[in-house]
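As given in Swiss-Prot:
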COMPBIAS  119-129  compositional bias 'Basic and acidic residues'
REGION    119-138  region 'Disordered'
BINDING   Gly169, Asp170, Arg171, Gln172, Thr173, Gly174, Lys175, Thr176  ATP binding site
SITE      Ser362  site 'Required for activity'
Amino acid sequence: MGIRPEEISSVLAEKIKNFDFSVETQEIGYVIQSGDGIARIYGLDNAVYGEMVEFESGVVGMVLNLEEDTVGVVVLGDPEKVKEGDVVKRTGRIMEVPVGKGLLGRVVNPLGEPIDGKGPIEYEGKRPIESPAPPIVRRQPVNTPLQTGILAIDSMIPIGRGQRELIIGDRQTGKTAIAVDTIINQKDKGVYCIYVAIGQKASTVASVVNTLEKYGAMEYTTVVAATASESAALQYIAPYAGCAMGEHFMYQGKDVLVVYDDLSKHAVAYRTLSLLLRRPPGREAYPGDVFYLHSRLLERSARLSDEYGGGSLTALPIVETQAGDISAYIPTNVISITDGQIYLESELFYSGIRPAINVGLSVSRVGGAAQIKAMKKVAGRLRLELSQYRELQVFARFGTDLDKATLEVLRQGERIVEITKQPQYQPMAVEDQVIAIYTVMNRYVTDIEVSEVRPFVMGLLKFLDEAYPEIKQSIRDTKDLTKETEEKLKAAILEYKEKYAAKGEK
């Protein structure tokens, strides 16, 4: 059978027309040096700062140094799998982590991989760990409270949604306890929580997770763990990864709380990386951009304006001090970035005042606007009276003769201190806090022994639940202590006081 020449040309023309000329190009480089979790790579001329690269063993790395001939990459995996001469590919993507509701109730590493043995996670997508903070025009002032459930904080150092409030103090003063209590108190309040553990002992993280599970808080919480055994690179990216997971919810109009525990160890991890990358050291051997390290992280916390969904991301960074020195490099940096600090003191802790908050050095710069009306009314004089008591306490130690007015301040101060003491994992509802403060500030417990003040107030709250539930309901609904409710409350306190006195006489 003969083939006509014109058929051949048409078949060839068709083949040429349908031929796929597209070429897939990949930029590759080679590892020329590897050690201490750092790889130097030759050949990735167009690599971008913060970009993910992939080694031939499947391990990923992140570009942190751009030099004349080489690129410095931190290895985010097993560094032993990275050898000299290995081929490295660019991914063209900035370092990103999985995000979404599938992460709630799970413990993950900073790459978003599950480490709790509960199987794979269903993600909603991925988000870059570094993203610009919302600009001023997209923000609105902090005006909604984030209740911690801790009376001393909610009354004197209130935190608003979208605020950054530093928790600072020496080791073993209860910093993590305040953060965990705050997470537990968000139950049924529609706030998603992210707890980022940086450089903590694995046993400590396991204990926090068990506590959160015990109190039913894990269902709305994600734990991002970069324990002390992880590489400095993973500890460095952990808070950014946790922040990205929180931002996903914030941009959906939800409220998020992120705890960074703690940024002192984060700065140490970054110092380790910087020195290994041969960057010049500065004060306390930290690199020159250690301020920017924390400012770009904490500036991502915001209360978005209503046209952008009205979501919020509240940050509770934790910083550990040495011997109470808050004027060291990292503490002063983070104090200047945040909107206030809760300062915990060893002396108070060991004298049995827990949470050990030094009210004189603690402050909330923007939270006052977020307090509910009822709390503003009853707690206005609380800080002042407590400060006066602490001042006069010094003179009382000398046993000198004190006048009646001074004795009155001391008596009242002792009773205020008693209601600010609170057992761990027992957050108080805001209406209970208002009633407790009202009772003490209006001198209803002046004639009660100091050791009996807390049992009296707790008994009163229980009595109100049973006999006058409408008082608490009114405060809860109106967020105010109306004249009518106040009259009812006064009568109820006096009624309970009579019962209490009669019980004591028996």
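Note that the numbers count up from 1, one per residue, in the order the chain is shown.
Just so you know, glycine gets a Cβ as well, placed from its N, Cα and C.
Feature map: annotations from Swiss-Prot on the structure.
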residue : record                       : DSSP class
Gly169  : ATP binding site             : strand
Gly174  : ATP binding site             : coil
Ser362  : site 'Required for activity' : coil
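Counting in whole angstrom, Asp170 (ATP binding site) lies 14 from Ser362 (site 'Required for activity') by their C-alpha atoms.
Counting only same-chain residues six or more apart in sequence, the Cβ atoms lying under 8 angstroms from the Cβ of Gly169 (ATP binding site) belong to Lys175, Glu320, Thr321, Gly324, Tyr343, Leu344, Glu345, Ser346, Ala356. Here the recorded positions are Thr173, Ser362; the one with the fewest Cβ atoms within 10 Å of its Cβ is Ser362. Ranking the binding-site residues Gln172, Thr176 by how many other Cβ atoms lie within 10 angstroms of each Cβ puts Gln172 at the bottom.
Across the fold, the C-alpha of Gln172 (ATP binding site) and the C-alpha of Ser362 (site 'Required for activity') stand 18 Å from each other. If you draw a 10 Å sphere around the CB of Asp170 (ATP binding site), it holds 18 other CB atoms from the protein chains shown. Long-range Cβ contacts of Gly174 (ATP binding site) within its own chain (separation 6+, distance under 8 Å): Leu344, Phe349, Arg354, Pro355, Ala356, Gln424.
Neighbour density for Lys175 (ATP binding site): within 10 A of its CB lie 26 other CB atoms from the protein chains shown. Residues within less than 8 Å, Cβ to Cβ, of Arg171 (ATP binding site) and separated from it by at least 6 positions along the same chain comprise Glu320. If you take the Cα of Thr173 (ATP binding site) and the Cα of Ser362 (site 'Required for activity'), they are about 15 angstrom apart, rounded to a whole number.
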